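Among the features that TrEMBL reports, domain 'Aspartate/ornithine carbamoyltransferase carbamoyl-P binding' is placed at C:4-160. If you look up TrEMBL, you'll see C:Ser47, C:Leu48, C:Arg49, C:Thr50, C:Trp75, C:Arg110, C:His147, C:Pro148, C:Leu149, C:Gln150, C:Cys270, C:Leu271, C:Arg298 marked as carbamoyl phosphate binding site. Feature annotation from TrEMBL assigns N(2)-succinyl-L-ornithine binding site to C:Glu142, C:His176, C:Lys237, C:Arg274. Annotated domain 'Aspartate/ornithine carbamoyltransferase Asp/Orn-binding' per TrEMBL: C:184-307, in sequence order.
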Amino acid sequence: MNNYLSIKDIDSLPEWVAMARKLKEDPKADKELGQGKTICLLFFNNSLRTRLSTQKAAMNLGMEVIVMNFGNEGWALEYGDGTIMDQGTSEHVKEAAQVVSQYCDIIGIRAFAGLAYRDEDEDERVLQSFKEYASVPILNMESSVGHPLQALADAITLAEQNTKTRPKVVLSWAPHPKALPHAVANSFVEMMQLQQEMDFVITHPQGYELNEEITKGTKIEFDQEKALKDADFVYVKNWSNYNDYGKVTCKDPNWTMTQKKLGKAQFMHCLPVRRNMVVADEVLDGKQSLVIEQANNRTYAAQVVLKKILTTLNDQ
Amino acid sequence: MNNYLSIKDIDSLPEWVAMARKLKEDPKADKELGQGKTICLLFFNNSLRTRLSTQKAAMNLGMEVIVMNFGNEGWALEYGDGTIMDQGTSEHVKEAAQVVSQYCDIIGIRAFAGLAYRDEDEDERVLQSFKEYASVPILNMESSVGHPLQALADAITLAEQNTKTRPKVVLSWAPHPKALPHAVANSFVEMMQLQQEMDFVITHPQGYELNEEITKGTKIEFDQEKALKDADFVYVKNWSNYNDYGKVTCKDPNWTMTQKKLGKAQFMHCLPVRRNMVVADEVLDGKQSLVIEQANNRTYAAQVVLKKILTTLNDQ
Amino acid sequence: MNNYLSIKDIDSLPEWVAMARKLKEDPKADKELGQGKTICLLFFNNSLRTRLSTQKAAMNLGMEVIVMNFGNEGWALEYGDGTIMDQGTSEHVKEAAQVVSQYCDIIGIRAFAGLAYRDEDEDERVLQSFKEYASVPILNMESSVGHPLQALADAITLAEQNTKTRPKVVLSWAPHPKALPHAVANSFVEMMQLQQEMDFVITHPQGYELNEEITKGTKIEFDQEKALKDADFVYVKNWSNYNDYGKVTCKDPNWTMTQKKLGKAQFMHCLPVRRNMVVADEVLDGKQSLVIEQANNRTYAAQVVLKKILTTLNDQ
C-alpha cells in the first residue's frame, strides 16, 4: 500500500482486522520491519489519541518518530496556485511537502475541516496537497473529510466484541455545544459499508444528513427510538450541519444517549466526548461502554497501516 | 513501587540516595531494564530541568519517551463529577487517563498550583485524577502540592556535599515579583524530615508560614540572621503567602540572600532563580553555589524513581 | 571540532563537502559514532528544514534527540549582567546553559535576529551566551548573524551540480513583504569566500548593502542584469535593510527572479520562499531549480558537522 488516505484504501477489511488482532497479541513482533525508517507526524490541529497511538505503533515497528506541530513550530502554508505570496503565508505546500519527504519515509498529516467553506473542506486541501507533492507515502491522521485510522480501530473493536451472526449497528447523532467536523462519521459510515454481516442504520435529526455521496445505500431513520430498537452496538457522535454547512442548528438534549435508550447495546464513541451532553455518565461509566478499548485499538489500527506501507516500501 | 506522587513514597531515603549516587557513576548500567517500555510525559505547565532530566533518565534506562504539552497540543480537561460538559472543556480526565495508560507503561504529570483556590490546589486535582483513573504508574513531575523529584535531587546533593556528622540546613524564604507555588518548599521540608542526622530550620517573614500539616515538628525561626547562624547548607526559595492564599504580601529585599548572610554555608536553589531578587549574583557565581549540581542530580533522582517503578513492573 | 558557530569553523571546505557527499551515499554508515550520545535542539524561533534535517542527521549517527521549543515550553531567559530580575525574565542564561549541558552532549540553538537593535543582533546574544556558559559543544541552527548549516548545504549542492572549471555564482536580492534577517546571506557570502574556483558577485538595490566586514573583497554590482550575465548559479534571497537596520525600504518587483532573468543558470534559495514575490512560479517549478536538493543536503551538512563534533568528543 502506498498511502492511507481513506477507508477506500482498505483492500480487505476482514484481513486487516485479523492482522490487527494478531499484532495486538504481540505488538513488537515486527520490530525489525521499521528499522532505519522514520515517520514524521505533522499536526495542524490538536490531538491526544492519534498523536500517542501513532507514535506507539511506529515505535512498536522499530521506526524513529519525529513529531511536529506545524501550526506553531513551522511556517504558515500557502495552497493556492499562482498566488503572489505577499500576505500571511510564508511557504508553499509544494516546497514543504517535497522537503519533508526528504527527511522521512512516511508522513502523517492531521488537518481538520475549517467548517467555513464546504468546497474547500471537501477538497481535503492539506492532505491532498501533501499527497500530490510528497515523494513518500502519506498517512491520514484525520482530514477534513475522513478519519480512517479511527474507523479501522472501530472495525477491530466491533470484531472483538461481536457475538452475533448479524449484529445491528446504529450511528446515532448527539448534541454538542460546538461545531464539529464530519470526518469521524463519514469514515465510520464508509467502514460499515464494507461490513458483510452487519445491519447498519444512521439516525439523526432531519436536516442533519451527512454527505449523500457517502451515505447512499445506507438506511437513515429520523426516529431515534426506532433506530435504536434491538441494537447491538450504538456509535454516538456529533457532527455539525452538513447542508447548512458547519452550523449548529440543533442542540436538542433529547438526542443525548442514556442508559435507557442504549438498552442492552454496547456503546461506542471515538473520544474526546462531552459527558452529559453527548452521552450520560451512567453509560460511559457502565460496563457496556467500549470507548477505552476503541482508543486502545487505535494503536493496532495504525500499526496495521504502517506495517502495510513499510512492507511495500521494503519491497521496492 | 507503583507510583511516585510525593516524598511519602520513599521507603528509605538513604537507600535511594545511595542508589542514585551509584547510577551517577554509570548512568547506562541499567539500559536493559526499560527496553520495550515507554514513558509518556504530560506537561500542563512549562518546564526546563524536569522536561530534559526526566527524558534523559528514561533514555538512560533504555525507555522510549513521548513528550506532550497537554495544554496546547491536547484537549482542555474536565475534572468535575457529573458536569454537563457544555462549556470550554472537551474531554474528561476519566477518559484521558485511561486512554493514555494504554499507550505507555508510565505517565509523568506536571501540573502547577493555580494559586486561586487553596482547596482545589491541595487536592492536587490533575495528579490525583490521573492516579485515580490511570492503569499505569504515575510520576509526579511537580504537582500543586509537591515536587518530590526535586527534593530527591536535593537529598542526593546534600549527601554528596556534606562533610559533617550533623550539618545544619536552613530553608530561607526570599522575595519574588510573582506569586509562586509552595510545591518545592513543601517537598524539601518533607524530605528534610526524613533526614536522620541533620538539623533543620525554616525561616521566613511572619505570615508566610507553609501548610502546618507539612511543617509540624519542624523548627521555624522568623529572624533570618538567627536562623542562618552556623548554617552548613542554605536552601533559598520563594513561595507566595499560604494563609492569604496565593497572594504576594511581602517583597522585602532584606530577605534576598547575599554572600554576607550566607557566610560559609553552601547555597542551594531548585532553579529557575531570579538573580538579585532571590539571591545576589555573587552567591550564584561563587564557589559555594550548588545549584548546577542540584540540576545535574535531577537526572539521577528521576532515574532512581523510574528504576524502582520499572523493577516493580517487570516483576508483575 | 568543538563548536559550529559560523562558517569560520570550517577548516577545509573541500574536505567537508567531500565528506558530506560520501555520507549521502550511505547515511547510516556512522550509526555507532553517536551511540549513547544525546543532542538537545533548542528552538527560540520557528523551523521546518532545520528542525527535521538536524534530527534526521543526529538519528543517522545513532544519537538520541531531545527537541525543545524554548519560547513556549521553557522559561523566558535573561541575558544582562547584574540585572535585578524583577520583570518578565525567569531564568538567566548562565544557569540555563550550564543546566542543559548536563543533560546532553551537544546543544543546538536557533535564535533569529530581532531586527530592532543592530548591536544586540550582531552580538548573537543567545548563541554566544550559550557558547560562553555551556560545557558542551554548541551547534548554530541559525543565529542573528549566520546560518552556517544552510551555507554548508549550499556548498554541497554547488559541488554536486557544478560542471564548469570556474562557474559564476550570483547572490541576488529579492523583494519580500516582511523584514527578514541577514543570516542566510551573510553565511552564503562567507562560504563563497572559501570557494577557490568560483566567480562570485552580489547584486542588490543601492542601500541594501550587507555588513561590509562580511562582504569586503567581494564584488557588488547594483545592476541586476549585468550581475546575472552568464551566471551559472543564481542564489536569490531577501534581506531587510542593514544600514537603516531592519527596515523594508524597497519592495521593487523588478528584483523578483524570473525565468528570463535566470537564463540558463541554476536557481538556488534556502526556503521557505514566497512564490511570485521572491521568485516566479516558472522558475521554482522548472528544471533549473535546485531548492529541493538544497533542502535535502541540509541533512548531510548537519551530519558532517555532528560527525566532526562527535569525533572530537569521543577522542577526549
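Glycine too: its Cβ is placed from the backbone N, Cα and C atoms.
Positions of TrEMBL features highlighted on the structure.
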residue  : record                                 : Cβ neighbours (10 Å)
C:Ser47  : carbamoyl phosphate binding site       : 22
C:Trp75  : carbamoyl phosphate binding site       : 19
C:Glu142 : N(2)-succinyl-L-ornithine binding site : 27
C:His147 : carbamoyl phosphate binding site       : 27
C:Leu149 : carbamoyl phosphate binding site       : 27
C:His176 : N(2)-succinyl-L-ornithine binding site : 23
C:Lys237 : N(2)-succinyl-L-ornithine binding site : 20
C:Cys270 : carbamoyl phosphate binding site       : 24
C:Arg274 : N(2)-succinyl-L-ornithine binding site : 26
C:Arg298 : carbamoyl phosphate binding site       : 28
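Counting every protein chain shown, the Cβ of C:Arg49 (carbamoyl phosphate binding site) has 27 other Cβ atoms within 10 Å. Residues of the domain 'Aspartate/ornithine carbamoyltransferase Asp/Orn-binding' (C:184-307) grouped by DSSP class, helix first, strand second and coil last, total 47 helix, 21 strand, 56 coil.
Each residue in the domain 'Aspartate/ornithine carbamoyltransferase carbamoyl-P binding' (C:4-160) has a pLDDT score, and their mean in this model is 97. In sequence order, the binding-site residues near chain A, meaning those of C:Ser47, C:Arg49, C:Glu142, C:His147, C:Cys270, C:Arg274 whose CB lies under 8 Å from a CB of that chain, are C:Ser47, C:Arg49, C:Arg274.
Residues from the set of binding-site residues C:Trp75, C:Glu142, C:Arg274 situated with their C-beta under 8 Å of a chain B C-beta: C:Trp75. C:Arg49 (carbamoyl phosphate binding site) sits 11 Å from C:Glu142 (N(2)-succinyl-L-ornithine binding site), taking the CA atoms of both as reference points. Cα of C:Leu149 (carbamoyl phosphate binding site) to Cα of C:Lys237 (N(2)-succinyl-L-ornithine binding site): a span of 16 Å. When every Cα pair among C:Ser47, C:Leu48, C:Arg49, C:Thr50, C:Trp75, C:Arg110, C:His147, C:Pro148, C:Leu149, C:Gln150, C:Cys270, C:Leu271, C:Arg298 is compared, the largest distance found for this carbamoyl phosphate site is 30 Å. Secondary structure from DSSP puts C:Arg49 (carbamoyl phosphate binding site) in a helix. Rounded to a whole value, the Cα-Cα separation of C:Lys237 (N(2)-succinyl-L-ornithine binding site) and C:Ser47 (carbamoyl phosphate binding site) is 17 Å. Between the CA atoms of C:Ser47 (carbamoyl phosphate binding site) and C:Glu142 (N(2)-succinyl-L-ornithine binding site) there is a gap of 10 Å. Cα-Cα distance from C:Arg274 (N(2)-succinyl-L-ornithine binding site) to C:His147 (carbamoyl phosphate binding site): 19 Å (rounded to the nearest whole number). Reported as a whole number, the C-alpha separation between C:Cys270 (carbamoyl phosphate binding site) and C:Glu142 (N(2)-succinyl-L-ornithine binding site) equals 12 Å. Rounded to the nearest whole angstrom, the C-alpha distance between C:Glu142 (N(2)-succinyl-L-ornithine binding site) and C:Arg298 (carbamoyl phosphate binding site) is 13.
Under the DSSP three-state reduction, C:His147 (carbamoyl phosphate binding site) is assigned to coil, being neither helix nor strand.
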